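In what follows, a structure is listed as structure tokens, so that the remarks can point back to it.
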Amino acid sequence: MVMAFRTRHPAPPTFAVSDLCCEEERCALRTSDCAYQVAWTINPHMKMGAVNWHRARAQHRLLRRALRAAGAQLLELPFVHGAYDCVFAKDNAVLLEKEGQKRALLASPVFSERQQEQQARARVLDRLGFDIFSPPPAHFEGGDLVVLPGARGALLGHGQRSSRHAAVMLEIFLGAPVTPLELKDPHLYHLDTALHVLSDGTALVCPEAFTPAALRTLERTEGIHQILNVPREEALGFGLNLVEVGRTVFLGGRAPWVELLLHAQGRCPTVLPLDQFHLAGGSAACLVSQIHPARGTAREALRPASAPTRRERPGEPRGGAGYLQ
């Protein structure tokens, strides 16, 4: 008798993505503050006034279409009026789901330019059914967290935007160990610009971004099966700011060495032009926030907080967010 075995395939990922501008019905007064732009410099990549709005919108739409075509689901978040960097949805919160229960640990950004979007995003996530957890007392930004395959642990970048002390609350929230890694290059200021971990545990790493101690720690981290080095030049072009959907890996620009490594690992690298977001210091991974499957539940020491209920100002989101098919 021949027995048939079912192969379990991971569920398609769900990513939260932000709109690039205010919707007319949500904004009583349409102004230049209603759309993505670079209006300040809080990282070395930012070039004020350099964004071509029409190109940015076309590139963002292409990214969304490509993610859906690869099998991903998207969760829509409204643009936060005047908070232009809110388009980099990964930075706002860590998102988890287990058995239909969704929860969000809010970030605590360093710069006031990023802090201003947090209340609006918390209200939207609350309306979408997430349990909202208050941010760590130490600085933490979502771009500094890389969740390892199977959510069995995570890596925390610190030294530029986040504090290593945030690891304590992150471990409680994730129900899994968090390994701090010190970043030393201001141009690679978030962990997701300096490192990407594939679903098989292969880590693509720019060594120059880390202290020697951090590299030694990474080599010993459970869940990291091999480390492949990537030249700093490609990391500076956001070649490690990747999004993985099945065997497809999306890049926001050409990175020949990264593409070669991905092919060798059996992946299908797909390049999407995202140069209009490079002008603000982000790329593919920054623009989406994956809802990770949770292995455990937040321990008793960490309880959901009430979502902010401050009266909304004109142009702030008032609903309409949800799953897009």
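Counting begins at 1 with the first residue displayed.
Using N, Cα and C of the backbone, Cβ positions are placed for all residues, glycine too.
The feature active site, proton donor is assigned by TrEMBL to His190. The feature active site, nucleophile is assigned by TrEMBL to Cys286. The region 'Disordered' annotation in TrEMBL covers 298-325.
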Translate the DSSP assignment of His190 (active site, proton donor) into the three-state scheme. coil
Across all the protein chains here, work out how many other Cβ atoms are within 10 Å of the Cβ of the residue listed as 'active site, nucleophile'. 27
